[in-house]
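Below: the structure, in structure tokens.
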Amino acid sequence: MLKIVQGALDTDKLLKDYQEEACTKNFGAFCVFVGIVREEGNVQGLSFDIYEALLKTWFEKWRHQPKDLGVVLKMAHSVGDVLIRHSSFLCVLMGANTKNALKLYEYFFKNFKRNAPIWKCYLSDNERIYAKKKDHLLKGSGLLA
């Protein structure tokens with residue numbers, strides 16, 4: 001399941017809901033990653049732009065891969081502004097055992113960072129500053145793709 005949320009994530013509620021689902025399904029592994037906007041220089045927060053249609057397509061392809069290992073993938077990401085010390089990203093991999101859930105972690109995050117159509121801007125002095133250093137070309141993007 002993919003959730004796109006305006007502003008900061010309510011990680012307490014999301015984690016509670018996902019953990020209840022894991023317990024209902026009798027899963028023994030509940031692996032969580034939470035991305036928190038950290039203080040850096042004079043940055044007051046981050047702002048995210050998401051190409052929702054592409055993100056949903058990417059996530060649907062990715063979501064089916066863990067099923068073969070008995071793992072369920074949940075992801076939530078912010079769109080818009082998120083101030084420092086608030087969460088912008090949550091990923092949960094849950095399954096019957098830890099081995100399979102942890103096996104997918106590194107691969108998922110590498111793939112997410114390279115292929116998810118999410119762009120980041122720094123919020124500084126009431127301006128959005130595009131984070132060009134963090135950007136890369138998406139496979140299959142561009143006019144001649």
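Glycine residues also receive a Cβ, built from the backbone N, Cα and C atoms like all the rest.
Swiss-Prot has this to say about the protein:
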BINDING   ILE36, VAL37, ARG38, ASN97, THR98, LYS113, LYS120, CYS121, TYR122  substrate binding site
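A map of Swiss-Prot features onto the structure.
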residue : record                 : Cβ contacts under 8 Å, 6 or more apart
ILE36   : substrate binding site : ARG85, HIS86, SER87, SER88
ARG38   : substrate binding site : ILE84, ARG85
THR98   : substrate binding site : GLY28, ALA29, CYS31
TYR122  : substrate binding site : VAL43, LEU46, SER47, ARG128, ILE129, ALA131
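In the three-state DSSP scheme, LYS120 (substrate binding site) is classed as strand. The substrate-binding residues named in the record, ILE36, VAL37, ARG38, ASN97, THR98, LYS113, LYS120, CYS121, TYR122, extend over a maximum Cα to Cα distance of 38 Å.
Secondary structure from DSSP puts THR98 (substrate binding site) in a helix. ILE36 (substrate binding site) falls within a strand when secondary structure is assigned with DSSP.
Its Cβ placed at the centre, LYS120 (substrate binding site) has 19 other Cβ atoms within 10 Å.
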